[in-house]
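Okay, so here's the structure we're looking at.
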Amino acid sequence: MAAMVMSQVACAKLGGLQALPINSKFNKLGGARLATTPRLMTSLAGRVRCDAGKGEGPLADAKAVVDKQTKTTITKDDILRNQETNESEKKSVFGTEPTSGSFYPRPEVERRPETGSKNFFSVFAFDGAAPETINCRLAMLGFVWAVVVERMTGQTVFEQVTNAGQPGLFYFLGAVQLFTYASLVPIMSGESTDARSFGPFTARAERWNGRIAMLGFLGLVITEAFTHSAVFGM
């Protein structure tokens, strides 16, 4: 009786962790008797369960909620319609009409991640999805960081990057890699920044804030190059 009970081990619960019964059958390998490894399951009720690769589970549910609240699907018809009605899409900043297959400018339908090519040269082209997005985000981060560090240390941007013992250059290189990768993930998945919005946080607002930050950061560096002192110093 004891052997029968042991072969049909009941589920043991330890702190919400539930182990499934061990299979009473044994695998034979080279004369050795190996018991089947117990499997673990989990659920929101306190069990352990792995749904990796099945698009299920709490993470998938959270992603679905975020997508529902922030994501807008941009179709090829929407892009073609905007090309025909938006005056800014009929000519570039240099007054040149966009031409299919040209280096610059390209029609919107060819430069959008949703409908255009997602190879490296297309994404990082002058009118590609990546350059302005990454530069705007780095400029916003750089300007805020420069102001904070100048207030704390009294050092100019140049001194923060070049002075011995200052980690400014290391942080800058790390931020470039991090923001580049984070910006490329949705682009390579066929999603432009215009596909996401949450209240006042829109792609248009991000672009304008980023452009202002780029001008502000450039002005800050030029001013400090002439004055040799931190604009926002103590």
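Here, residue 1 is simply the first one shown, and the rest follow in order.
Note that Cβ sites are derived from N, Cα and C of the backbone, with glycine treated the same way.
Predicted automatically and left uncurated, TrEMBL annotations should be read as such.
According to TrEMBL, the feature region 'Disordered' maps to 80-112. Nonlocal intrachain contacts for the region 'Disordered' (80-112), taken as residues 6+ away from its ends with a CB within less than 8 angstroms of a stretch CB, comprise 74, 122, 125-129, 192.
What TrEMBL lists as transmembrane segment is 168-187 (among others). Sequence-distant contacts of the transmembrane segment (168-187) (same chain, at least 6 residues past either end, Cβ-Cβ under 8 Å): 113, 118, 123, 129-130, 133-134, 137-138, 141-142, 145, 149, 160-162, 193, 195-196.
Summarising the annotation, TrEMBL assigns transmembrane segment to 208-231 (among others).
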